[in-house]
Ligand SMILES: Nc1nc2c(ncn2[C@@H]2O[C@H](COP(=O)(O)OP(=O)(O)OP(=O)(O)O)[C@@H](O)[C@H]2O)c(=O)[nH]1
Ligand SMILES: [Zn+2]
């Protein structure tokens, strides 16, 4: 079974980037930062490209396979790099995601697990919603026996500004099925990822 995701936000289109660059220049000017010098002439363009990159997941196709071997233990991909943008300040929050599941009838290609994290991360987010959306994707697409997602991240809005709690790490989790309800499965998953 192959599921494609055409719902990618096209921010880097020929129309979108120039408009974003003009807006970035106005935004910086309003903050008293002039780009009218050789060093910064291209900076609004770079800023537009940087935000487009942070807010645009790469398109991909997900392939799932029948679980022919009847594999019924945990599959965990640990320490997936995760970059997202907080919806309050539009500043990055970055860290790692751990994703595990116990399959039923279908399994998914391992690289796709990291792509699923990117799909939901590259948009304005809160960490709790991101964590749940990744877990929900597995429930909806694979109907596994259990799913576990743990994300640990540093929020720039909390470390570079505001409270300036440098080094503070936020951990969130979304567990379901046997990974949530059966103590041994829950403990095994958490012992692998935490
Ligand atoms: N729950 C949750 N909160 C987040 C996340 N990212 C940012 N926030 C918080 O969202 C809140 C926004 O609150 P506001 O009071 O409107 O923003 P603010 O005045 O800039 O707050 P300070 O950061 O405390 O200066 C802040 O407390 C942020 O730390 C997230 O992923 N999850
Ligand atoms: Zn924020």
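Heads up, the Cβ atoms here are built off N, Cα and C, so glycines get one too.
Database features (TrEMBL):
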| type | residues | note |
| --- | --- | --- |
| BINDING | 86, 89, 157 | Zn(2+) binding site |
| DOMAIN | 22-193 | domain 'GTP cyclohydrolase I' |
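Taken as a whole, the domain 'GTP cyclohydrolase I' (22-193) shows an average pLDDT of 97 in this prediction. The number of other CB atoms found within 10 A of the CB of residue 157 (Zn(2+) binding site), across every protein chain shown, is 16. Residues near residue 86 (Zn(2+) binding site) in space but far in sequence (CB under 8 A, at least 6 apart, same chain), listed by position: 92, 93, 124, 125, 126, 155, 156, 157. Secondary structure from DSSP puts residue 157 (Zn(2+) binding site) in a helix.
Cβ atoms within 8 Å of the centroid of the Cβ atoms of 86, 89, 157 (the Zn(2+) site) belong to the same-chain residues 85, 87, 88, 90, 91, 93, 155, 156, 158, site residues excluded.
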